[in-house]
Amino acid sequence: MKKQRIVVKIGSSSLTNSKGSIDEAKIREHVQAISVLKKAGHEMILITSGAVAAGFSSLGYPSRPVTIKGKQAAAAVGQTLLMQQYMNQFKQYSLTPGQILLTRNDFSKRERYRNAYATIMELLERGVIPIINENDSTSVEELTFGDNDMLSALVSGLIHADQLMILTDINGLYDANPNENPEAKRFDYLPEITPELLGYAGSAGSKVGTGGMKSKLLATQTALSLGVKVFIGTGSGEQKLADILDGRGDGTYIGDKELSSVNNTRQWIQFHSPISGEIIIDAGAEEAMIHNGSSLLPAGVVGVNGSFPKGAVVEVRGPGGVIGKGQTHYSSEEIMEAKGKRSDELDFEKTFEVIHRNDWVNVKD
């Protein structure tokens with residue numbers, strides 16, 4: 001089997017005991033399974049929850065705190081304890097982990113987005129196992145990922161992973177709640193995530209985590225759109241990840257084998273960039289951009305809403321509504337000066353595209 005880049009996401013419920021505290025035996029087993037694939041030549045990246053679960057009891061909380069300040073305090077203590085556990089376990093296999101804590105700003109700010117990519121790739125190049133978690137001790141409620149399921153999908157896309165393995169306490173996706181309906185049927189394979197499947201999943205999560213099955217499916221949708229196949233399920237023993245990789249996992253495999261990776265510029269535009277304004281285009285430009293993959297030229301621009309600098313990301317609206325978003329080559333003032341004009345009517349420096357097709361993401365097909 002060729003070397004693969006694999007992201008493993010482990011949720012709180014797969015790391016904790018019945019009291020909600022970190023279970024050292026569970027961490028040991030996860031590390032063993034990761035080490036098996038690492039020793040086989042694969043690149044391994046771990047997205048781990050558990051900082052809050054690891055720290056809340058040390059602060060005197062009887063259970064997982066629900067307030068932001070409580071979670072942040074627990075995470076500040078717990079992240080150190082959690083990382084110490086991982087370091088001790090990986091040391092048994094002569095492997096070195098490296099900690100990366102991310103927030104929304106690390107994705108929405110273009111330079112930080114590039115830096116996150118460069119750091120992870122350097123760690124992989126050096127044979128280190130990146131251990132990634134949201135920076136729960138500094139994130140504010142409005143800026144959090146909501147759960148590490150989505151973080152795992154975004155990281156998988158960022159580094160162009162071959163597969164995302166989401167480990168949970170349920171062995172895959174069912175057409176009904178298996179805890180309530182003994183007739184519930186498991187899906188062993190799904191080509192995609194549909195609205196109907198999201199309805200099956202519901203929204204409830206476990207008492208120690210923040211992500212239910214629905215959040216995992218939303219993350220899966222994102223991963224698939226970025227060209228990453230997904231497995232959702234469970235397993236036991238040091239061979240569990242190897243079994244998943246070989247198609248023998250206890251869960252649901254999601255995604256077509258022919259998925260195409262998405263370059264980082266388009267990923268950033270599609271999922272992370274702030275929207276600074278809007279460009280209005282005519283029907284001809286709409287047709288060319290949606291169906292022909294064309295760049296946006298000044299001749300197709302009708303108007304501009306908002307004030308924005310060169311390099312801003314804006315939505316593009318045609319007669320049929322918003323058709324996508326892209327990064328502009330000119331400021332709003334320059335676009336207004338050039339709108340509706342043919343190339344031979346413009347100064348030389350303004351004959352280039354308003355939005356190049358490589359800096360463009362369709363939201364309509």
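Each Cβ is built from the backbone N, Cα and C atoms, and glycine gets one as well.
Copied over from Swiss-Prot:
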{"type": "BINDING", "residues": "Lys9, Thr168, Asp169, Thr210, Gly211, Gly212, Met213, Lys214, Ser215, Lys216", "note": "ATP binding site"}
{"type": "BINDING", "residues": "Ser49, Asp136, Asn148", "note": "substrate binding site"}
{"type": "DOMAIN", "residues": "276-353", "note": "domain 'PUA'"}
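Of the listed binding-site residues Asp169, Ser215, the Cβ environment within 10 Å is emptiest of other Cβ atoms at Asp169. Distance noted between the C-alpha atoms of Lys9 (ATP binding site) and Asn148 (substrate binding site) is 8 Å. Here is what falls inside 10 Å of the CA of Asn148 (substrate binding site) among the binding-site residues Asp169, Met213, Ser215: Ser215. According to DSSP, Lys9 (ATP binding site) sits within a strand segment. According to DSSP, the secondary structure content of the domain 'PUA' (276-353) in residues is 25 helix, 23 strand, 30 coil. It is 15 Å from the Cα atom of Met213 (ATP binding site) to that of Ser49 (substrate binding site).
Here the Cβ of Met213 (ATP binding site) has 24 other Cβ atoms within 10 Å, regardless of which shown protein chain they belong to.
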